[in-house]
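Copied over from TrEMBL:
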type	residues	note
SIGNAL	1-35	signal peptide
DOMAIN	259-651	domain 'Peptidase S53'
ACT_SITE	Glu329	active site, charge relay system
ACT_SITE	Asp333	active site, charge relay system
ACT_SITE	Ser571	active site, charge relay system
BINDING	Asp612, Val613, Gly630, Asp632	Ca(2+) binding site
Amino acid sequence: MKKVTHVNSTFSKGFTKALLPLAIAATLIPLSAQAVNTSNNWVATRTGAFLQAAAPSANTATQSEAQSTATKTGAFTLGASAATGVVNTLVTPLELSQPLHVTVVLKNRNQDQLDAFLRELAQPGSPNYRQYLKPAQFKARFAPTDAQVQAVVEHLRANGFSNIQVSANNKLVSAEGNANNAQSGFHASLKRFNYRGKQVYANDSAALIPASLGSTVDAVLGLQNAVVPHKTIHRVLPGSAALAANAVKPNAAAVSKVAHQPTDFATIYDAASLPAASNTTVGIITWGDMTQTISDLNTFTQNAGLPTVNTSTVAGGQGTLADDGDPAEWDLDSQDIIGTSGGVQQLIFYAAVNGDSQDSGLTDATLTAAYNKAVTDDVAKVINVSLGLDEASANSDGSLQADDSVFQQAVAQGQIFSVSSGDAGVYQWSTSPQGAPGYIGTNDGSGVQTTINLSQYSVSSPASSPYVVAVGGTTLSTTNTTTWAGETVWNEGTAYADVDSSGNPVDDSVRIWATGGGVSQYETAPSWQTTALGSSVTKRVLPDVAFDAASATGALIVIDGQAGQQVGGTSLASPIFVGGWARVESAHNNSLSLPTSGFYQTFPTTKTSIHDVTSGNNGYGGKGYTAKAGWDDTTGFGSLDFGKLSASYSQ
């Protein structure tokens, strides 16, 4: 277990010295003596009540009436998703002494000017075309001011928070405190309950701030640890069994569906026609300790005959980076990026603080901090994110907009975030009792019984952000293992949702394994999507592109020192894009930026650089979206030929 303390050099020396006495004094003031605003002059942030009572049945209503308002047993929903129900669980007030790590997210300054600048960055002929900013330039033009930061710091100190840290871009102000401080500082009531076999907490009232901070503060993160982004990896385990007729099956013909070494994808998608990405630094968003992942990466490169990778781990914030015993996701990310790229200048793991081996310290706050650290460092040109959660949950806790703000700075600096679109098809909103997304229903051995509304769709965040590349999944066909021969929409049908380490089901819950894609409920369509796809597209649609994700045609990687472990998921697809794009960047002296606007301008009419996917869907029982010629909600424009794509940037 690794203990990391990270202090940002955000303040000027004078500002730092001015705050230091406040830090000492605040720790000595009893809470009752601290200044707490008890007036009604408080305003809402983007952070809403995360834990909410579900529409009660007659039984639960009677039961609730017999309970106090502070302690209830009944059905609850998490975030804005009615599917994430906590049925008949005991909800009690969180102990006031419960430690909390909170992050106050500040709004960008001059947002209209920033929006215009981001548009012009991608417009040939504009004076701002490819004129990327340095972090200091972004801070001077668009970040919150030091005065705004100081006002937030003073509010936190006045309400008992300590160990306050400000990110280098003034965007995040994080602090240590407890539930009592959160109640005082944000009028936030927090509750404890059991969810997915763990004791967790969440706020059952919205986070408020004094009206004087209303134009500064956007959201308050860290008030819940019940729902966080999950890994989008699909690992083939010995006992795993698909339940549906449309599960992937090998072909007996010359065109085959087989698993691949990570280095194969460079040839399949024509990235190998470009030099290795030795001039480009790549980042990966992770959490916890990376010791085993780096060991597995070294084993992989040695086996593959690739150079040893220059790696480093950077903590997203203060706290413990603990080994949670599950390196598979980060193994897949790192090995497939290196295999596809042929090697990079440096590989940086931007690790969110997770607290302990149970990831109890992992929250929306620590993940947003990891994204932000990758941006304020401005070292990695391309950053992989193989994580996601239902965007309704992200919108509810405020992290959706907070992450957008971070990604906007990345675009302004010429950095590219690539995000997997999810493995739950159109059912990102539906979770099994153990928390697996894509929950469809049950199977007691007599067949699948659907228990959800199959016509209700959702997409994954942060893939739904218009400031990232959203990468979906395909099922890949090849000849001679490394020659591209076709792709269809990745949809393996259903399988048991919750399995043990051997792949055996722990209950009768059933989920879908399929590429995420569809229409955002919250993100406005960027102009380049509306122009390319039509005026009826008013919300962000995804994915943008797609690559291999099927377990049967996926990657053979090293996990816990054991080679040949077969994995798939959009956690494979996004690293393939990152590795291939890193080669393109190296070939163009890292001069390119977020490519999506160019994709939507070029690919509808010029298809030489893409493999259009026209077969398959990403739903269940005849539902979901269906592939077609051109862009669609399953695979976007399809997969890329990186060699031809790179050549197009030279024309």
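Just so you know, glycine gets a Cβ as well, placed from its N, Cα and C.
Automatic prediction, not curation, is the source of TrEMBL annotations.
Summary: among the recorded positions (Glu329, Asp632), the fewest other C-beta atoms within 10 A of the C-beta are counted at Glu329. Of all the recorded positions listed here (Asp333, Asp612), the one with the fewest other CB atoms within 10 A of its own CB is Asp612. All protein chains shown were included, and the count of other CB atoms within 10 Å of the CB of Val613 (Ca(2+) binding site) stands at 27. Summary: among the recorded positions (Ser571, Gly630), the fewest other C-beta atoms within 10 A of the C-beta are counted at Gly630. Straight-line distance linking the Cα atoms of Gly630 (Ca(2+) binding site) and Ser571 (active site, charge relay system), rounded to a whole number, equals 24 Å. For Glu329 (active site, charge relay system) paired with Val613 (Ca(2+) binding site), the C-alpha to C-alpha distance reads 26 Å. In sequence order, Thr614, Ala627, Lys628, Ala629, Trp631, Thr634, Thr635, Gly636, Phe637, Gly638 are the same-chain residues whose CB sits within 8 A of the CB centroid of Asp612, Val613, Gly630, Asp632, the residues recorded for Ca(2+) being left out.
Of all the recorded positions in the record (Asp333, Val613, Asp632), the one with the smallest CA separation from Ser571 (active site, charge relay system) is Asp333.
As a whole-number mean, the pLDDT of the domain 'Peptidase S53' (259-651) in this prediction is 97. Note: the CA-CA distance between Asp632 (Ca(2+) binding site) and Asp333 (active site, charge relay system) rounds to 26 Å.
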